[in-house]
Amino acid sequence: MAQEVENNNNDHLVQSSDPEHPANLIPELCRKFYNWGWVTGTGGGTSIRRGDHIFIAPSGVQKELIQPHNIFVLEFPTPKYPPSDRKYIRKPLELKPSACTPLFLTAFERGAGCCIHTHSQWAVLVTLLVEREKGPDACFEISNIEQIKGIPRGKGKGMLGFFDTLKIPIIENTAFEEDLTGSLEKAMDQYPDTYAVLVRRHGIYVWGDDVAKAKTQCESLDYLFQLAVEMHKLGLPWVK
């Protein structure tokens, strides 16, 4: 497989005039996220599953400059570990695969169609506030805010309501991105209805059934995190 990829890099997988094709959507999303301050300094990542293919933004490339020909493509399903067993069917030879890959795969194994990883400052700040106010094992909670309606209750359960309490688990950061995978899987098991996991002092992983849902859920969460930080400054409780 490695020799085949080297000789025939399957460029047709990322060549499409369709703006909704993953190879076109990922660069567009990364530019938006960069402009919103979510993926500065090459940080963060985005991945989309379409059928039995997974499209992933590369590592170490400025997110606002990513082009379709920079995109990696994996067969799905594919092993998470070891990295050498992952079934790449398109691998730009001059670039490195995303360190987020096993975490994206974890979301796709649970039925996600898109997974987004950001380094949002608001996400980082709420992880620190939760740790200081409630301890290292607590999750982020907020209620009685209209934007909560933008977050699902769980698979097939509709959306949260104004009076519901949104809960987002928080895991501890690690020295290497891939080492977060076990903690992410554990958080998903403990909170089976969640569509996001915060990483303390790092950022957040958000996934959805498709690209639009993952993006809008990520936007709603970032709004709520920013609001929570401002509420904390004013001494206002997050849960009423």
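The backbone N, Cα and C atoms fix where each Cβ goes, glycine too.
Values in this document were obtained by computation on a predicted structure and should not be read as measured data.
For 1-17, the entry in Swiss-Prot reads compositional bias 'Polar residues'.
For 1-20, the entry in Swiss-Prot reads region 'Disordered'.
As annotated by Swiss-Prot, substrate binding site applies to C100, with the evidence given as sequence analysis. Listed in sequence order, the residues of the same chain lying 6 or more apart from C100 (substrate binding site) and placing their CB within less than 8 Å of its CB are G45, S47, I56, H117, E177.
H119 (Zn(2+) binding site) falls outside any helix or strand according to DSSP and counts as coil. All chains included, 20 other C-beta atoms sit within 10 angstroms of the C-beta of H119 (Zn(2+) binding site). According to Swiss-Prot, the feature Zn(2+) binding site maps to H117, H119, H202.
Per Swiss-Prot, the feature active site, proton donor/acceptor maps to E146. In the three-state DSSP classification, E146 (active site, proton donor/acceptor) falls within a helix.
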Residue pair H119 (Zn(2+) binding site), E146 (active site, proton donor/acceptor) - Cα distance, angstrom, rounded: 24
Sparsest Cβ surroundings (other CB atoms within 10 Å) among the binding-site residues H117, H202: H202
